[in-house]
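One structure is given below, encoded as structure tokens.
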Amino acid sequence: MTTRLLTVEDLTVTFTARGRRDVTAVSGVSFDIGAGEVVGLVGESGCGKSVTSLALMGLLPRRGVRTGGRALLDGSTDLLALDDARIRDLRGTQLAMVFQDPLSSLNPVVPIGVQVTEILRRHRGLRGERARAEAAHLLDRVGIPDPARRLKEYPHQLSGGMRQRALIAMAVACAPRLLIADEPTTALDVTIQAQILELLRELVDQEGTALLMITHDLGVVAGLCDRVNVLYAGKVVEAAARRPLFAAPAHPYTHGLLASIPRLDAPRGQPLKPIRGSVNDTIAWAEGCAFAPRCDHFSPACLEGTPAQAPAPDAAVPGPRSHLVRCVHPVNTATAPDAARRDGQPRPGHPPHPPSEPPGAAPAASATKEKAE
Amino acid sequence: MGTETTGATPPDGDAPRPAPPAGTAAGTAVTSRRKDRIDRLAELTARTDTSTGSGLWVEALRRLRANKTALIGLGVLAVFLVLAVIGPWIAPYSPTAQTWRGEVFPNRGIFVGPRSGNWLGLDHLGRDELSRMLVGARQTLLVGVVATLIGFTVGALIGGFSGAALALGGRAGRTVDTVVMRFTDMLLALPSLLLAVSVAAIMGQSLTTVMVAVGVVQIPVFARLLRGSMLAQANSDYVLAARALGVRRRRIVLAHVLPNSLGPVIVQSTLALATAIIEAAALSFLGLGNPDAAQPEWGVMLAQAQRFFDQAPMMAVYPALGIIITALGFTLLGEAMREALDPKLRS
């Protein structure tokens, strides 16, 4: 990619409360986002996805939270060090965010129109009729029919998909350079999900907005993201471009996530392959790999301190943007029997099956992707 | 490319990036075709939840109309309001003229009960009780409304300021909130009647005194309520969303937090009206009420009747009933409003 829009270096967020042990939700997360790039932040509940996004937006409470590391916008502005007033000016204009639940993210007693125009007034100085016209135009752009009427309506009069569209319209009102979407489709049903993802992709393609997609849905990642960061217990365990990640997941966790996706083409009666244990079965990163208690490839070597981030076995050119994995025993897809079976799947031209998006999507994307890079 | 069913499962994997190498024109065609497919599917599966509902208050009004308690409360209040407005004109006699002075002898225990000319009898000075009740309704309502308005306004200002400071003011705001709230806690800790009596004693006897004294008692209640309600709203998702879009704090407080927090306060004000009327009556009863005999007021009437309670109990019963029924009306309406506005009870 061309220029780095946002570089996150060693982001650490610790929650402190008097009389309780400190909880480190995010420990040393590093990734970067290029201009116009779609980057995924993937992980299960409690792995620090949302905390990362809130930290970048400066929305974490000041009290009881310790943030470390840097988040450089354009290589110069450290988002984590800005004072309240400066980051408030950046929010909405440079950075914007879309949240998970579209109903509770809209003020129930204020008409949609007022909520859209207030952003136009705040950042673009539009007033009165001009603000209303622009708001209608925005709603129209995100695919809300009859925008003039919708502007007068209250959030509960809109359907879930329309609410999320309205929120996206508000987020992109001032053409931000980075849009953070925190599980934007989780609260919606599947067809609406598809529409919203389509809308996001369209906005990214047309406006050149970079998108940080926070999700637990690997299908979303497969369909949307250029680069993926897999988070586990507050650390990036694997970072790769979409194709290598789905083709050859190197970290046992990523591997397990992909293997656990239910497939329509699986033989009848074949049980799902979940990752055993739960997210609570973890050890501190300082003592070893946090995933070790749940890992099939566990060995005593895993307990010798935090595993370093290293190029994955399939990484062609080692470098900061190549396929990185934080594991003592990276899974080599060629040897893993399970992966070998799956490897046969995503041959170009092979009819893809809907629930198997991740493996199916990768090769289809490759043609365009390689061209872009 | 997938069929309709593949399109149904988002995000379908068959066309992850819409631009094939062939060219952008073809790319957009693919995108739009794919989009149409998804949209068409959404249309087919759409439930009717896009239908128009109505605003919070309209909805609350609809629920109020369906609520018997609310209707009874409203009915009582409507009668009371009408009487308060037209009372002086429909009163058969002057409320202050001691027309039948010669027929009543309190010191000998001779009182006049209901009779054809005076439906509710005469009071201890030979004045028509019915006329006094009718004219007194206005005074009672005035005291209740003005006192509640005082309490509501000052309380909401204090509570709103404090809540805004705490919710979005950072460290300095927390200090402001602590100071303000400890002060209201002190007010709250004083027994309300004692507080009112103290205010009335300081300001001297007058109608204004009663209103202010009763109003002051309500201030900490409103302040606490609005602050708490704002605090709950300040932690909500839409405030976070507004902050994420860089909306100014002042705007968030005034346009987002406050309108959402006012519901419980408005409900409280109807309940407070009932208390205010009772408290104003209590002050009058204790001899701190309006000393102006030209303005009959239910509380004062009740206070004056107590001396003759053993000989003419009805003289006390009429104003007492008036107060009770009015307060009940306000309480019923307030309760019904609380239910109507409570999102948890929404059907």
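Glycine residues also receive a Cβ, built from the backbone N, Cα and C atoms like all the rest.
Quick look at what TrEMBL annotates:
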REGION    B:1-32  region 'Disordered'
TRANSMEM  B:70-91  transmembrane segment
DOMAIN    B:137-334  domain 'ABC transmembrane type-1'
TRANSMEM  B:141-168  transmembrane segment
TRANSMEM  B:180-203  transmembrane segment
TRANSMEM  B:209-226  transmembrane segment
TRANSMEM  B:253-278  transmembrane segment
TRANSMEM  B:316-337  transmembrane segment
Open item on the list: Does the transmembrane segment (B:141-168) come close to the transmembrane segment (B:209-226), meaning at least 3 CB pairs under 8 Å for residues 6 or more apart?
Closed with: yes
Task: In contact by Cβ distance (the transmembrane segment (B:70-91), the transmembrane segment (B:253-278); 3 or more pairs under 8 Å) - done: no
Task: Feature contact check the transmembrane segment (B:141-168) with the transmembrane segment (B:180-203), CB under 8 Å, 3 or more pairs - done: yes
